[in-house]
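As recorded in Swiss-Prot, the features of this protein are as follows:
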- Thr152, Ser153, Asn292, Thr293, Tyr294, Gly295, Pro296, Thr297, Asp383, Tyr394, Asn395, Gly396, Arg397, Lys492: ATP binding site (BINDING)
- Asp197, Val301, Lys492: D-alanine binding site (BINDING)
Amino acid sequence: MKLLEQIEKWAIETPDQTAFVWRDAKITYKQLKEDSDALAHWISSEYPDDRSPIMVYGHMQPEMIINFLGCVKAGHAYIPVDLSIPADRVQRIAENSGAKLLLSAATVTVTDLPVRIVSEDNLKDIFFTHKGNTPNPEHAVKGDENFYIIYTSGSTGNPKGVQITYNCLVSFTQWAVEDFNLQTGQVFLNQAPFSFDLSVMDIYPSLVTGGTLWAIDKDMIARPKDLFASLEQSDIQVWTSTPSFAEMCLMEASFSESMLPNMKTFLFCGEVLPNEVARKLIERFPKATIMNTYGPTEATVAVTGIHVTEEVLDQYKSLPVGYCKSDCRLLIMKEDGTIAPDGEKGEIVIVGPSVSVGYLGSPELTEKAFTMIDGERAYKTGDAGYVENGLLFYNGRLDFQIKLHGYRMELEEIEHHLRACSYVEGAVIVPIKKGEKYDYLLAVVVPGEHSFEKEFKLTSAIKKELNERLPNYMIPRKFMYQSSIPMTPNGKVDRKKLLSEVTA
């Protein structure tokens, strides 16, 4: 598959087909091509000998997609940066990535960034003044060059830039279109922010099949009335989200085939799909196919998939995450470095062309997590699991990294920032489960000196500081104050004891 050519084909064959919809804003495939060509031409003229990544800032604006394609047509990887990401984290991404340029689809509130900022108005001028110019196709990102870089949580307090190449993305997109039986011209739900790699599961499968991306933003999600009004208008046929988002939608009685009569496929990734959520979806959408998938950002969105039927639900209380895509393979590694036999638990290692080339500017972290096996790139996921008859079962994290509401985070990073707060002497983050999946984060804090009379005022002050350093989804929901943190005999935090204390 020639990814960019495949997307551009629709600008010629169906130029007026809508490529992307967000509220009242929409763009056609013709406009997507013209504006991304104009932008790529401008980037190439401004930075003729430069291939540094470009930051793309915004939320669900159509310009985000235009900017992504404009960057890669000019030979630059893009770094999606959502509006919700705090200033301090944006600053660290800018510094780590070596980006020289930031394209903005929304007002940039972060100050003193070491990059040139192209505002919304500047972008419109570029689209207008460079209209009709086409970039040199030889300049476009190809092969093992980076297509996008997504920053994920890092245990040192610094986010890690996962480099995904053109070949990685082509491998994923081709597999998704074929294995999930995606058809030409379908409407895809776009619920995940672009800085979360779940969004890649809908963006490129939609664009290469001439589909329409229907974007739902965070404000809509916060207002159910607006959310369901939008869904009712959408005629979505391919649903891509975390299971948590679907579970929230199922709380609305009208969320069913009557609201979305042409729903054909549910694609789930990012966290555990509970058996009962899948069962309810089958009841509400009897004609739709439900696919459960698995994969870390470092292996390009997902590498396994399984069609969840009533038979599968009856057979497994905890659902399997699927069979591996044909060009990759899964190894289950035991602690001694040998491969575990069928049915035995160990660390999931992914091998093949979906695997990232590593973390940008972090050779030590890359060496720790990535390796070569039989001449192919391999990623040690840190996830526990086992394979039985080719079917992968996921058993949670081996370390302190978890997925909460679809967002992957390292508890050590949150602890790092929490301990840096005023009024905090010591802190441990305890993820609290509800059934099979994590429900919220509890911060167990040993407070330092403070003058607050009430605990809730202390909590407010700590949360205020955390909001300046971490995205909202990484802020603990509850706080508990103790005089000390339990330790193991070898001087480590006794997390098992702490968990038993807080859940007793």
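Backbone N, Cα and C atoms are what each Cβ position is placed from, and that goes for glycine too.
Annotated pair Asn395 (ATP binding site) and Val301 (D-alanine binding site), C-alpha to C-alpha distance, rounded: 18 Å.
Rounded to the nearest whole angstrom, the C-alpha distance between Arg397 (ATP binding site) and Asp197 (D-alanine binding site) is 19. Counting neighbouring Cβ atoms within 10 Å of each of the binding-site residues (Thr152, Asn292), the lowest count belongs to Thr152. Its own atom aside, the Cβ of Asn395 (ATP binding site) has 13 Cβ atoms within 10 angstroms in the protein chains shown. The Cβ of Asp383 (ATP binding site) has 22 neighbouring Cβ atoms from other residues within 10 Å, across all protein chains displayed. Rounded to a whole number, the C-alpha distance linking Thr152 (ATP binding site) with Val301 (D-alanine binding site) is 13 angstrom. Put simply, Val301 (D-alanine binding site) is 15 Å from Asp383 (ATP binding site) when counted between their Cα atoms. Restricting the binding-site residues Asn292, Tyr294, Pro296 to those with a CA within 10 Å of the CA of Asp197 (D-alanine binding site) leaves Pro296, listed by sequence position.
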